[in-house]
Ligand code: LLP
């Protein structure tokens, strides 16, 4: 359920008609709904009601906007971060350092040190050398790093290859078969408190089966580690729950996910950590765009919009589907390809799709753009960096400015020795 609804034939974000935002801020622009974000945060937490000890760390890579993070911080969410930049954002947004989990396969020594200095709650170690480095850095600071070992459960998540992370051939975590030895060696290091394991098998999962298979493997590993004398108090189950992108998509609900987790982990006696991203933020945002031109094509017309692959990269990167609807639909339909102005055929949002009939000057939105949308934007083709707006009832505010192409250019220089 979201708060992007038609009122008197005009699409609104909560109580704000989208044409008002287009008029005052310009397009393209991301529009987020605070009420939707809060609702999703509550629904996910309620879904875990049968998990006695838990901590939810929003995967901020999917939407690191400070305004968005502040809303979630007020909901009691912590953060799953994957870089020093994300770590500083989470803290700037008001998240408590101990509620921050640091994931990521290529953390630098400087980033590990930053995590220690800021006092974060947990490091998710991806391989042995990283754990050794963390122990050394912590020891030098006379600190102890709380850490878990990320394991690769070798499960096929059944999602797009570019966002699958839990197969043996993926770069993430250590093989579950070698995990006990590596865990044993790391647990013996001063400076490290190895307290559990982590896993994350992929994103936009539309079945619970691979998650359940992975969690069962994790449960067996917890038992093995305990049998070897280790104290296991934390297991991080990652994120990955899918969201509906198409009107007829029917991914598992947070409640179904929560029930499965509660059942599989019933006897684990650990604190469970969760790193949801898309399921919280995906449907809290739309990308608002204006139709620039409708150009005849060989078969169907091209609807050329002012948003492009640099603003919303998912269709170009993963052939992802984002629903496209007119802000003021007439009831007429057309079949068209939706494309942006960037000079690549990959700058295509949809091919030969039945959509609301639109003409030049009309406004439309790409739905389900609140996760992995603005955060993946670039300035390719010297376009501006897309702005973001947060709506709250009948008010809204620009939570990220449009960064003009000229501002980007101003950060460049021409060496005088070229002359
Ligand atoms: N935890 C870890 C360690 C992750 O790597 C990720 C996502 C998450 C949690 C959150 O996953 P979620 O709940 O959002 O599925 N750019 C791609 C998605 C990349 C996901 C990367 N990792 C896309 O647009 O589909």
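Backbone N, Cα and C atoms are what each Cβ position is placed from, and that goes for glycine too.
According to TrEMBL, the feature domain 'Orn/DAP/Arg decarboxylase 2 C-terminal' maps to 30-370. For the domain 'Orn/DAP/Arg decarboxylase 2 C-terminal' (30-370), the mean pLDDT of the prediction comes to 97.
Annotation source TrEMBL lists domain 'Orn/DAP/Arg decarboxylase 2 N-terminal' at 37-281.
In the three-state DSSP assignment, the secondary structure recorded for residue 61 (N6-(pyridoxal phosphate)lysine) is helix. Per TrEMBL, the feature N6-(pyridoxal phosphate)lysine maps to 61.
According to TrEMBL, the feature pyridoxal 5'-phosphate binding site maps to 240, 275, 276, 277, 278, 372. The Cβ neighbour count for residue 278 (pyridoxal 5'-phosphate binding site), using a 10 Å radius and every protein chain shown, is 24.
Feature annotation from TrEMBL assigns substrate binding site to 278, 314, 318, 344, 372. Within 10 Å of the C-beta of residue 318 (substrate binding site) there are 16 other C-beta atoms, taking all protein chains into account.
The active site, proton donor feature in TrEMBL is assigned to 343. In the three-state DSSP classification, residue 343 (active site, proton donor) falls within coil.
With every protein chain in view, the residue among the binding-site residues 275, 344 whose Cβ has the most Cβ partners within 10 Å turns out to be 275. Neighbours of residue 314 (substrate binding site) among the recorded positions 240, 275, 277, 278, 343, 372, defined as a Cα within 10 Å of its Cα, are 372. Spanning the residues 240, 275, 276, 277, 278, 372 that the record associates with binding pyridoxal 5'-phosphate, the maximal Cα-Cα distance equals 15 Å. The two recorded residues, residue 372 (pyridoxal 5'-phosphate binding site) and residue 344 (substrate binding site), show a Cα separation of 21 Å. Only 276, 314, 372, in sequence order, out of the binding-site residues 276, 314, 344, 372 have a CB under 6 Å from ligand 1. In the three-state DSSP scheme, residue 372 (pyridoxal 5'-phosphate binding site) falls into the coil class.
Sequence-distant contacts of residue 240 (pyridoxal 5'-phosphate binding site), defined by Cβ-Cβ distance under 8 angstroms and a gap of at least six in the same chain, are 157, 159, 200, 201, 202, 203, 204, 205, 211.
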